[in-house]
There are 2 protein chains.
Amino acid sequence: MSKDIKILVVEDDENLRFLAAMRLKTEGYQVLEEADGISAIQTITTEKPDIVLLDWMLPGKEGSEVCEEVRKNGFEGLVIMMTAKAQDVDKIDAYQFGASDYVTKPFSMDVLVAMLESKVKFLLNAERSEIHRFGNMEHHPNIHTLFRDGKKIELTILENRILLYFLRNPNQVISREDLMLEVWGYNSDVNTRTLDMHIVRLRKKIEVNPDNPQLLQTVRGVGYRFNVGS
Amino acid sequence: MSKDIKILVVEDDENLRFLAAMRLKTEGYQVLEEADGISAIQTITTEKPDIVLLDWMLPGKEGSEVCEEVRKNGFEGLVIMMTAKAQDVDKIDAYQFGASDYVTKPFSMDVLVAMLESKVKFLLNAERSEIHRFGNMEHHPNIHTLFRDGKKIELTILENRILLYFLRNPNQVISREDLMLEVWGYNSDVNTRTLDMHIVRLRKKIEVNPDNPQLLQTVRGVGYRFNVGS
DNA sequence: TTAAATTTTGAATGAGTGGTTAAATAATAA
DNA sequence: TTATTATTTAACCACTCATTCAAAATTTAA
């Protein structure tokens, strides 16, 4: 399996860092190393690794700060925090700083490798992401974005979800109930007006002439239908 | 209601699995059970269930792996992931592994049943996508649409219902009473003129020359007959 | 924290559909 | 032929459903 995955190990403990880097290299990963927060930020920015293994306690800058900062700069790779059990970081906290997951020290190299395996699989999967084309538009649901002739149109979370549902069920009548069930879940009590509102806004983004929708059409008394292809 | 839907529940927690299986059986589904990923893959391959309820965390193989693998083997049924809230899988992520939807644990059996209901409805709908052809026209009753040489003609709910009844009983004389019973039900008090009116409107949409109907013809004193070239 | 963006909601508006009436037309019977 | 009955059609009204608007509530970002 050709992984071709770049991992940055940020850890001030020489021994641990060396051990981890060694093992990851033998597993076939491309490995970079840093020992402090400042350098880590620089390396992440320039090298754009796929995964960052990041110690929680670092000289220079704390792991949480590093994580926050690179996220702000648009880094989208996975960040895995390494924390000592004593520090007892709540999982939630780690996520708050933009980390993707965490491991508690001490951990065996086998555990680390196993975890990375599953993360990598996830990465690879995410790459062959879903794209829907219709008319002169492209919908990339993963990044909540729509492109009209290459021009970017941002979608809100709900717009994205609604559009995705339509695109997965094109040329069919979708009842309001089904749509609301899909978007808001089973035990929600959102007003039906809300749905209308979102349809309106979605039309403004996808239709050439929103007053005379050609793609997202209403089927009176039944629901909506998204027309794709002939 | 004979559902005749086969559901496989894959869950290692005995209690939860038993509970779910129990409830689903009483709901009239045919239920299979597995406790680990390996067995699940085998059962899915041999039994080809319509729906798989799949735990995200499983011994042997993870839910995502199971999903990916059976998809690769050509399984086309619905896969619904069950995930703990803490795992916090984005809906989009679940889809990437080939899942059709997901529920977060803990969930009530009622929620589960409600969800499956809508999924099943969808399944059944997809199966019986009825289409009727006559002359140069195609009637797609599910989407309330008629195509004349590929050109779309929208039908209202009643037009759709009336036309469908005729197309299901072609080349026969349909009495006004039967038609009204079919369209408006038993305890309706609609005027018989109303029916005429709808026939007129329908003719305007389907006949080449509505003044001289060739398809939907009157049988004076009795009712109507829809002519379809044998 | 405040500000901005997003989502939700109730009320008002508007459009489309379905139903009725009554007059016009067609078919049948006397 | 005329009288009678059945059907077609147009015009109209009422009602439901969809849309829009404005504003409140909520979430997210700064």
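Cβ coordinates come from backbone N, Cα and C, glycine included.
Because TrEMBL annotations are produced automatically, they should be read as predictions rather than curated entries.
Quick look at what TrEMBL lists:
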type     : residues  : note
DNA_BIND : A:129-228 : DNA-binding region
DOMAIN   : A:6-120   : domain 'Response regulatory'
DOMAIN   : A:129-228 : domain 'OmpR/PhoB-type'
MOD_RES  : A:ASP55   : 4-aspartylphosphate
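Sequence-distant neighbours of A:ASP55 (4-aspartylphosphate) (same chain, 6+ apart, CB under 8 A from its CB) are A:VAL10, A:GLU11, A:ASP12, A:ASP13, A:GLY63, A:MET81, A:MET82. Using DSSP to sort the residues of the DNA-binding region (A:129-228) gives these counts of helix, strand and coil: 39 helix, 26 strand, 35 coil. Each residue in the domain 'Response regulatory' (A:6-120) gets a DSSP state, and the totals come to 55 helix, 27 strand, 33 coil.
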